[in-house]
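> Pasting the relevant annotations from TrEMBL:
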type	residues	note
DOMAIN	B:24-461	domain 'Amidase'
ACT_SITE	B:LYS77	active site, charge relay system
ACT_SITE	B:SER152	active site, charge relay system
ACT_SITE	B:SER176	active site, acyl-ester intermediate
Amino acid sequence: MAKLSVEEVKHVAKLARLAITEEEAEKFAGQLGAITDFAAQLNELDTTNVEPTTHVLPLVNVLREDVAAEGLSRDLMMKNVKDQQDGLVKVPPIMAE
Amino acid sequence: MSLFKHTSAEMQELLKNKEVTIADLTAEAFDRIEALDGEVGAFLALNKEAATAQAAEMDQVPFEERGPLFGLPIGVKDNIVTEGLETTCASKILEGFNPIYDATVVQKLRAAGMVTVGKVNMDEFAMGSANENSSIKPVHNPWNFNHVPGGSSGGSAAAVAAGEVPFTLGSDTGGSIRQPAAYCGVVGMKPTYGRVSRFGLVAFASSLDQVGPITRNVRDNALLLEAISGVDANDSTSANVEVPNFAEQLTGDIKGLKVAVPKEYLAEGVSEGVRAQVQAAIDKLKELGATVDEVSLPHSKYALAAYYILSSSEASSNLSRFDGIRYGFRAEADNLEDLYLQTRAQGFGDEVKRRIMLGTYSLSAGTYDAYYKKAQQVRTLIKQDFDEVFKNYDVIVGPTTPTTAFKLGENLEDPMTVYANDILTVPINLAGVPAISIPCGFDADLPVGLQIIGNYFAEGTIYRVADAFEKATDFHTKTPQTWEVK
């Protein structure tokens with residue numbers, strides 16, 4: 001595990017869809033580097049053959065009867081949409097013209 | 001003296017004797033919020049009109065139809081959705097968001113007859129340990145306004161400590177109920193993972209998050225946990241286990257109870273003042289008839305690193321839903337890609353961005369095995385530590401936090417220092433077991449919290465120990481100066 005470079009931070013920010021300035025990338029590189037340095041101590045532990053825990057309860061396939069139920073109304077679901085038209089969510093162009 | 005110095009049982013007695021009405025109790029909450037919250041900063045959206053109308057209606061309900069929490073006011077953490085009442089997670093990105101349904105816990109509060117007076121402040125998306133990451137305003141510790149209340153449920157703990165409301169709900173992913181409860185001298189419970197439905201709790205780290213109660217005394221905490229617990233068809237991780245009557249288990253008797261004290265929890269990093277108060281509390285448990293042994297939770301020191309990787313990884317995935325399209329803040333942009341980039345850059349605060357990036361990095365090809373999978377394996381070792389101790393002991397006790405509340409602004413520049421505050425609380429979330437923080441003394445006039453950890457679904461045992469300690473001490477009766485206002 002190594003320190004994060006400014007380039008890596010920019011790449012991660014892009015993956016996470018966060019616009020980031022050069023200045024911010026430098027600041028975050030330092031802070032994230034400190035955290036990943038700290039996390040490197042996990043390497044002290046031998047975890048060969050240790051199963052990863054994703055979830056603490058022994059739950060497998062929680063199922064219910066397949067019965068139709070009323071969902072939320074469309075009007076209600078559109079209540080918080082900033083920009084809409086004819087019951088559809090409006091967004092800026094996806095592709096350049 | 002405020003009506004909220006009374007326990008819920010005493011408030012019910014006052015209602016029954018017609019000395020007060022539910023309308024009076026509701027008005028008391030809003031009056032105290034108005035008088036105090038300018039300095040405390042615990043409340044965000046207030047539900048005054050609806051709560052006042054609800055209270056007047058509820059006063060008409062016959063006494064025999066009321067439960068123990070009926071008509072009592074409560075504040076709800078702002079990451080729990082409330083229909084028609086603005087819910088922002090103290091983030092700019094959810095500015096103006098009006099939920100279209102109630103979280104399961106909010107439905108349960110309604111069923112118990114509780115009156116929701118408003119939403120309480122928090123660290124943005126529950127990420128923080130000082131409540132300084134709220135994008136709206138910081139919360140101040142009612143014991144000393146220059147100090148932080150803890151976080152992320154800082155508003156929940158401060159509102160109860162200041163006597164603005166007798167009950168609040170918080171959420172706890174790595175200590176976010178217990179740490180502020182300790183800093184503010186109140187009672188806060190993180191239930192077993194799965195005990196309480198997460199439906200309608202805005203997800204931070206889904207495998208760690210739990211909703212829980214914050215109150216001034218143990219019995220009220222037990223009553224509120226019973227009210228919000230239970231399996232829920234809308235949360236497949238809620239556990240299908242019986243919900244006990246916790247209050248019935250408060251016998252005050254802990255003779256023969258087996259208490260484990262992990263040596264790692266009183267090690268370096270824990271301040272002298274905290275250590276002294278916690279040691280005195282452990283002696284008190286002995287005096288009450290418990291047997292106390294030192295044990296080891298050998299992987300404790302690795303919990304913090306594993307926690308920040310796992311919680312940030314889950315957060316990076318959960319928070320991808322905040323894209324400016326369907327709710328909350330939307331930035332101006334010429335194309336969709338820019339809309340996402342700008343909405344998220346302008347809508348999230350720095351701590352949230354840090355964690356999203358740490359999580360994204362941990363989950364990336366090339367780092368996944370070294371970070372995410374490694375942390376999950378360490379999580380297994382930490383869980384096994386607890387399983388081992390609970391084979392022979394009823395509860396584990398220690399401090400909730402290494403120090404008392406620090407000063408506002410003291411640790412703003414260094415995220416790692418703030419993270420270190422969670423060292424005694426995060427292992428509990430990784431294991432998924434329940435734990436409470438109760439007041440156990442003061443160090444330089446700031447409260448110290450005692451953490452009592454139980455086995456899976458053994459909240460009843462935790463409450464029994466906490467209640468026995470509370471009955472034998474008077475820390476829970478202490479109130480900060482703010483109580484004398486109004």
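Just so it is clear, glycine is given a Cβ too, placed from its N, Cα and C backbone atoms.
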> Provide, as an integer number of angstrom, the distance between the C-alpha atoms of B:SER176 (active site, acyl-ester intermediate) and B:LYS77 (active site, charge relay system).
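So the Cα of B:LYS77 (active site, charge relay system) lies 11 Å away from that of B:SER176 (active site, acyl-ester intermediate).
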> Does DSSP put B:LYS77 (active site, charge relay system) in a helix, in a strand, or in coil?
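Going by the DSSP assignment, B:LYS77 (active site, charge relay system) falls within a strand, counted as strand.
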> If you count other CB atoms within 10 A of each CB, which of B:SER152, B:SER176 wins among these active-site residues?
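Its Cβ has the most other Cβ atoms within 10 Å: B:SER176.
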> Compute the C-alpha separation of B:SER152 (active site, charge relay system) from B:LYS77 (active site, charge relay system), stating it in Å without decimals.
10
> Need one number: mean pLDDT over the domain 'Amidase' (B:24-461).
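A mean pLDDT of 96 is what the model gives the domain 'Amidase' (B:24-461).
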